[in-house]
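Participant: So that we are looking at the same thing, I have put the structure below in structure tokens.
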Amino acid sequence: MVITQINMEFRFRGKKLRGFSCEMIRAPSGFIPETFSSIMCQVLFPFMFSIMGMVAAGLLANEVQHWTVFVEIKELLILIPSLLGLKGNLEMTLACRLSTAANTGKFDDPRQQQTMISSNLALIQVQATVVGLLAAVVALILEAISGQNLELSHIGVLCASSMITAFMAAIFLGILMICVVLGAQKMGINPDNISTPIAAMLGDFVSLCILAGTSSILYRYIDLYYLFPVICFFFFSLIPIWIFIINKSPSITQVLKTGWFPIITAMLISSLGGLIFNKTITEQKISAMAVFTPVINGVGGNLVSIQASRISTYLYSWSSPGVLPHNMRSFYPDPCATFCSSEINSVSARVLLLLVIPGHLMFLFFIYMMEKGEIEINLLFVVFYLVASLTQVLILLYLAEIMVRLVWHRSQDPDSHCIPYLTGMGDLLGTGLLSLCFLLDSFFINMHLKNSNIVEPGPP
């Protein structure tokens, strides 16, 4: 039990103070001080389980890239990082909003809790419907810019598959996040530490399964041109119902009005990563990209979402929107202060950094054991990969510290405005650095083979 609110009443007679009363409100969901070890214990196991979910998503991506629908409709490969990135844009943002609400005592009132849950679920349905269609349109535009011819039937399959995937994944993961946050609150665990890893554990795999399944089914009816506009119209016809539910919560209504720019921008950033992903597989013939991309993107987005959510909770607990605490007055903090100080946000950043190398080594071990003989992993690539993943997370954690402060100073909600940008940047950084790892590894291997084939001249 911790103090979450103090109400004081002063009684005056004329201009003289005659008495006062003080009421301390305690709640089990209040802000609880944490240590390095407590953060590590709460984050470690959900994070390790999330790695297994990402491994499953990577193996599935490696398999489905050879399916007929993905070979014929290459725009689907661009769509994969965008749709998997929606986990960061929507479900992780939802988890962070609910975690902050739970940590600041807003879930203590059952009626307020019910309103927040229903309005948040309705919000992500609206966002998933709109952004799902936009992701397909952006994939088509990027493919057209790169000089590829677009077929009308392929456009219909792509748009319908994208919307169905975004909608169904949002329902499943949204309900899961609500259960996780409520369960963590009852168990006395900080939801900030476990909600986003659990979203990552199932998010990529579920989204990819739905995309692969729906696109394969719709591809069988590719000649029925009227089917795809009907599917898109159906999902858009549900939007007025979701808006009616959202209007019951003023704070979520505000997110609906102001939260579009972050998630659309993040989707565009993820789409650039998708273009890199598509070109690396199709032009550079590096099929192993499909296995590694969900993991490096997922780990980066996972860890930075935890940090951004924790900083947001800290600000809501110790300050008011628009006012930064004294120890966070600088908008552009020193990197050493971000990672090496005794402040709780710096402590959590060090915990998250320490998880990067072990997490990726565990992933590489799983890949080596499960895909032995099909995917070659040499020591040079492992070094490149670990350096790239650590660089990605370092950049993201520092960006999170800066972005949350700037957004809070503008009296905006960091959970809704920061996490989409950060996860989108994580997708772009992860895909770009991973592609560079494969290209560097291929370059050094070819150079070694070339040097080994040079025959030294012998004696006459």
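Keep in mind that glycine also has a Cβ here, set from the backbone N, Cα and C atoms.
Annotations in TrEMBL come from automatic prediction, not curation.
Per TrEMBL, the features are:
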- 80-213: domain 'SLC41A/MgtE integral membrane' (DOMAIN)
- 293-436: domain 'SLC41A/MgtE integral membrane' (DOMAIN)
- 43-61: transmembrane segment (TRANSMEM)
- 121-142: transmembrane segment (TRANSMEM)
- 154-184: transmembrane segment (TRANSMEM)
- 196-219: transmembrane segment (TRANSMEM)
- 225-246: transmembrane segment (TRANSMEM)
- 258-277: transmembrane segment (TRANSMEM)
- 351-370: transmembrane segment (TRANSMEM)
- 377-399: transmembrane segment (TRANSMEM)
- 419-440: transmembrane segment (TRANSMEM)
Participant: Using a cut-off of under 8 Å between C-beta atoms, tell me which stretch among 258-277, 351-370, 377-399, 419-440 contacts the transmembrane segment (43-61) the most.
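Facilitator: Between the candidates 258-277, 351-370, 377-399, 419-440, the best contact partner of the transmembrane segment (43-61) is 351-370.
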Participant: Where among 225-246, 258-277, 377-399 do we find the most Cβ pairs under 8 Å to the transmembrane segment (419-440)?
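Facilitator: Looking only at 225-246, 258-277, 377-399, the most contacts with the transmembrane segment (419-440) come from 258-277.
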Participant: On the DSSP side of things, how many residues of the domain 'SLC41A/MgtE integral membrane' (80-213) fall into helix, strand and coil, could you say?
Facilitator: 119 helix, 0 strand, 15 coil
Participant: Using DSSP, how many residues in the domain 'SLC41A/MgtE integral membrane' (293-436) fall into helix, strand and coil?
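Facilitator: Taking each residue of the domain 'SLC41A/MgtE integral membrane' (293-436) in turn, the totals are 115 helix, 0 strand, 29 coil.
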